[in-house]
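I have placed the structure first, in the form of structure tokens, so that the comments after it can refer back to it.
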Amino acid sequence: MTQNYRITLLPGDGIGPEIMAVAVDVLKVVGQQFDIQFDFQEALIGGAAIDATGEPLPSATLDTCRHSDAVLLAAIGGYKWDSLPPHQRPEGGLLGLRAGLELFANLRPAQILPQLIDASTLKREVVEGVDIMVVRELTGGIYFGKPRGIFTTETGEKRGVNTMVYTESEIDRIGRIAFETARKRRGKLCSVDKANVLDVSQLWRDRITNLSQEYPDVELSHLYVDNAAMQLVRAPKQFDTIVTGNLFGDILSDAAAMLTGSIGMLPSASLGASGPGVFEPVHGSAPDIAGQDKANPLAQVLSAAMMLRYALDQPQAADKIEQAVLQVLEQGDRTGDIISVGMNLLGCRGMGDSLIKALAKS
């Protein structure tokens, strides 16, 4: 029986349209193989939306996304819009999208692919086999807590204030996603906080610990954030799934990403309690190579695989895409950002063609 899904495509800016085209081609092939029918709808976001409508997230785009099963986003931003006021820049489109879809969980995988292990700046024996998922709370914590702002004291001195706030319900909902994610992986969850100093982290640790009683099959551990950062570099293979707050997750997810040596290979997902999630590569819009057929589409393709796995419950189709990525790398196909001696240099379209051939063979 054919499964039907409505997918909103947000190509965005820079290399976005190029890498999105590859991901769509891959999804169409996998759809045929697994009897999945995709109804793709394209909408504007970021700089492209500013140029066309004057705002980074048109209401029509948000409405289209809300009526989708999932949203596949490519890239946002570029030099062209850097002179705009901060609240009018392309990046505001992504923040508005997350808020409008009520997305509170950001999933950032960091996996060392054996074909690219030498791209890491760490020793082979340290990073070989690393496969980490960072689950970051996305809508609370110090980035959104109030009071906030820069104030003038009675003595005329400037005083900057930000407030780190989490409620029980906010902690519980991100905790459940983290436990469920760990359960689907290797059954280990590390909660990262600063409970030795911060009251808000003490509540975080208490709630995560209480929640663990509902997941006896998941092994829970706790680390302070400073130690977690050190352990990520010292012995990253000890980690399976990490859950943490907004600020700590912002930092640790980027640190984990660079264990792989190529941020151009990394996908991500932003999820809510219900409704569509947003799936996108970690990398930026790379306006310096836009339109030159030099972009690496693999992170976009892997984001499509995450969409299949986490939004559409199609793990076999996701596996098929991930295996195709490994196959093209194994046969030596590379884009310019991951090229090494003896490998085959391909452009964005060429890498897409190679993926389609790999999917057809498997």
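Using the three backbone atoms N, Cα and C, a Cβ is placed for every residue, glycine included.
Residues near Gly78 (NAD(+) binding site) in space but far in sequence (CB under 8 A, at least 6 apart, same chain), listed by position: Asp13, Gly14, Gly47, Pro90, Ser285, Pro287, Ala290. The NAD(+) binding site annotation in Swiss-Prot covers 78-91, 284-296.
Positions annotated as substrate binding site by Swiss-Prot, on the basis of sequence analysis: Arg98, Arg108, Arg136, Asp226. Of all Cβ atoms in the shown protein chains, 17 besides its own fall within 10 Å of the Cβ of Arg98 (substrate binding site). Under the DSSP three-state reduction, Arg98 (substrate binding site) is assigned to helix.
Asp250 (Mg(2+) binding site) falls within a helical segment according to DSSP. In sequence order, Arg136 are the residues of the chain that are 6 or more apart from Asp250 (Mg(2+) binding site) and have a CB within less than 8 Å of its CB. Annotated Mg(2+) binding site per Swiss-Prot: Asp226, Asp250, Asp254, in sequence order.
Look at Swiss-Prot and you will find Tyr143 (among others) tagged as site 'Important for catalysis'. Annotation for Tyr143 (site 'Important for catalysis'): same-chain Cβ neighbours under 8 Å, separated by at least 6 residues, are Asn162, Asn246, Leu247.
Look at Swiss-Prot and you will find Lys194 (among others) tagged as site 'Important for catalysis'. If you take the C-beta of Lys194 (site 'Important for catalysis') and look for same-chain residues 6 or more apart in sequence within under 8 angstroms, you find Ser201, Tyr224, Val225, Asp226, Phe248. Secondary structure at Lys194 (site 'Important for catalysis'), as computed by DSSP, is coil.
For the binding-site residues Arg108, Arg136, Lys294, the largest tally of other C-beta atoms within 10 A is found at Arg136.
In terms of Cα distance, the binding-site residues that sit within 10 Å of Arg108 (substrate binding site) are Asp254, chosen from Pro86, Asp254, Ala286, Lys294. Note: the CA-CA distance between Asp254 (Mg(2+) binding site) and Arg98 (substrate binding site) rounds to 19 Å. For the pair formed by Arg98 (substrate binding site) and Ala286 (NAD(+) binding site), distance between Cα atoms is given as 22 Å, rounded to the nearest Å.
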